[in-house]
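Data block below; observations after.
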Amino acid sequence: MAEGFCKNFYSNKLDHLEVQIAKKTKILRVLEQKRAELNRRVRFLREEISIVQEPSSNVGVVVEKMGKMQVLVKTNPDGKYLVKVEPGVNYDELKAGVRVALRSDSYDVHRILPTKVDPLVSLMMVEKVPDSTYQMIGGLDEQIKEIREVIELPIKHPELFENLGIAQPKGVLLYGPPGTGKTLLARAVAHHTQCKFIRVSGSELVQKYIGEGSRLVRELFIMAREHAPSIIFMDEIDSIGSTRGDSNKGSDSEVQRTMLELLNQLDGFESHNNIKVIMATNRIDILDPALLRTGRIDRKIEFPPPNESARLEILKIHSRKMNLTKGIDLETIASKMVGCSGAEVKAVCTEAGMYALRERRVHVTQEDFEMAVHKVLKKTGDLNSDLRKLLK
């Protein structure tokens, strides 16, 4: 009996010790994880300390290559220095305007720095090229021809201008009433040229603080040079390019500074850099003459309201994928839309489809188009007539 009691006692004791061992093992694993985390933090802090203890570098901008692994750099506020380039730096990448790091003691170039660009400017670049094509634009054959000569031809075939001995055009201005296809044509140009497309609205360049708008314009053209060939599309240019007056308001003077920086950039960059500028506005009458002069804007393309044949072509384009009943007379519909813009013609097709959906039909009838014309003209007729009178 005593033997059985001792056996049970030690058996329970062993079970208790095994439970304690399992708990201690679990605690040990947690402590090992904490130790590993602390060791990682110690290594990170040691690396930071070593980085902080390293000698600092000065930032400079390359002005010109001088040969034999030497470049002329500009530093603020010291001035310009002729410095050596360390063997680890790619000498071919050192071009004018590139930011470099200089040793604090010897001023040798030891690293190439990335270009400093404002995040707001980086967001202006359209990564995905628009899928608009010239076939999706109706009634603008002459405008398409003119903009292709100024923008697309110099980018795709610059040798033609070199053989003729003429300078490439720098920019083009698209002007006309709202809804006549200015932005749509700019998207189509970006699609067919297959180059970087940078879109910016003029109101985005109007900033609160002095000098911010000018800085955005400078960095916008810097980014365009880095990603050349590129197209800068500036919509609503009248917000910063209006005629200068004698106003002493701070807001007006800041807008004028932004426009002066834009004029400087248009004069500064070379035409063979594959940077083209497209500007669009509804109010060409208020633009400053300095912005419109030849050499900055080489061609001005007018976008008038479409005539009857152009409206018919636009109707055919936007109704191409619609499920239409037989016998629809698009010519009659186009003749009823006198003075309408291309955007209003597209709105008629959309409204006609909405009338068909309202009656649970899968096809669009002639009556749907007629009701859509009546609705669109009733909704926008008075407003657009006032705008056209203003633009005359």
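In case you wondered, yes, glycine gets a Cβ from its N, Cα and C as well.
For Lys182 (ATP binding site), the count of additional Cβ atoms within 10 Å of its Cβ stands at 25 [all protein chains shown]. Secondary structure at Lys182 (ATP binding site), as computed by DSSP, is helix. Look at Swiss-Prot and you will find Gly176, Pro177, Pro178, Gly179, Thr180, Gly181, Lys182, Thr183 tagged as ATP binding site.
By the criterion of other Cβ atoms within 10 Å of the residue's own Cβ, the least surrounded of the binding-site residues Gly176, Pro177, Pro178, Gly179, Gly181 is Pro178. Report note: the ATP site is defined by Gly176, Pro177, Pro178, Gly179, Thr180, Gly181, Lys182, Thr183, and the residues of the same chain whose CB lies within 8 Å of the CB centroid of those residues, excluding them, are Asn282, Phe303, Ser341, Gly342, Ala343. Listed binding-site residues: Thr180, Thr183. The one with the lowest count of other Cβ atoms within 10 Å of its Cβ is Thr183.
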